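Input: a single structure, listed below in structure tokens.
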């Protein structure tokens, strides 16, 4: 792919999501900028405790392991490692078949044959995301869970969801590190520095920047105190319009992808509570892009133009894990209303 930055590392959670995929939420594991120099994992040893989740379709596996067991702590420390096969790079894929590739025949029948092909090192990298040290919350986050849909009224948000969120220790220091250029400054694709209506645009962890099919960037607003969709009012329209227009323009300039080939949306519930907007390739089924979580930014802007209190009053539907305490609280309120 032309005019793309080299693959770099970054830690956010993701989360995700969805992530819903390790999302930009995995950032909690560190704030250092990416580097092309040889690096080491931030721990020694890795003894697998449990496979938290795996997907043959997505070529990804989430592992819980014990590390640093040789440091004198007999119990070691917890870490989560996410291993993901990277997508093919179209401009390099022909190299897999030139010369004498290393092959192992699986079967042959008439015109059909299947092989295991062992690619050269530069075409066989595995994206590795590390969460270390990992807490019980991280282990639960990455473990496969059953989901349930729940409808949250405006009153539910004010009396249940918001107090619950405020009671949790949800650090977003990694977000401030990006905004303050303490981490990942070299990864910023575009910035509007206005403290009220500006933002930074940065590649999401789920995109390795080697092809456009799964393009994924995040716009993070400079203004602090806007937690989610629920906080938005007409006061924030200049910010939202800037993100939509300038974000699309920056992506067109850098990646030659036009606005009508982008899906631009917010999550609710978000994976972290500092306003951010997702930019993904329209043909990419990104985690969290389903109707129960994604809200198109253009529609959000129009809703606020029509009704200043739209997101304070509207009932919003989203999915929660069955073991999420917030689900129990909202279900109880729903039962009492019925």
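Positions of Cβ are set from backbone N, Cα and C atoms, glycine also.
As annotated by Swiss-Prot, N-acetylalanine applies to 2, with the evidence given as similarity to another entry.
The motif 'nuclear localization signal (NLS)' annotation in Swiss-Prot covers 9-12.
Annotation source Swiss-Prot lists phosphoserine at 23 (among others).
Annotation comment: Swiss-Prot describes 100 (among others) as phosphoserine. Residue 100 (phosphoserine) carries neither a helix nor a strand DSSP state and counts as coil.
Annotation comment: Swiss-Prot describes 137 (among others) as N6-acetyllysine. Look at residue 137 (N6-acetyllysine): DSSP puts it in a helix. Summarising the environment of residue 137 (N6-acetyllysine), the number of other Cβ atoms within 10 Å of its Cβ, over all protein chains shown, is 12.
For 141 (among others), the entry in Swiss-Prot reads N6-acetyllysine, with the evidence type similarity to another entry.
What Swiss-Prot records for 174, 184, 204, 206, 267-278 is substrate binding site, and it gives similarity to another entry as the kind of evidence.
Residues 24, 172, 175, 199, 204, 216-221, 223-224, 226-228, 231-232, 243-244, 247, 263-267, 286, 288-289, 294, 297 of the same chain lie 6+ residues outside the motif 'Histidine triad motif' (274-278) yet bring a C-beta within less than 8 angstroms of a C-beta in it. Look at Swiss-Prot and you will find 274-278 tagged as motif 'Histidine triad motif'.
Look at Swiss-Prot and you will find 276 tagged as active site, nucleophile, backed by similarity to another entry. Under DSSP, residue 276 (active site, nucleophile) is assigned to a strand (E or B) in the three-state scheme.
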Self-check item: Those recorded positions listed as 100, 271, and which of them has the most Cβ atoms within 10 Å of its own Cβ
Solution: 271
Quiz item: Tell me which residues of the chain lie with their Cβ under 8 angstroms from that of residue 275 (substrate binding site), as long as they are six or more apart in sequence?
Solution: 220, 221, 223, 226, 227, 228, 231, 232, 266
Exercise. Quick one: of the recorded positions 137, 141, 276, which has its CA closest to the CA of residue 174 (substrate binding site)?
Key: 276
Practice problem: Rank the binding-site residues 269, 277 by the number of other Cβ atoms within 10 Å of each Cβ, and give the residue at the low end. | Solution: 269
Quiz item: How far is it from residue 267 (substrate binding site) to residue 276 (active site, nucleophile), counting Cα to Cα, in Å?
Solution: 8
Self-check item: Number of Cβ atoms other than its own within 10 Å, given for residue 276 (active site, nucleophile)
Solution: 24
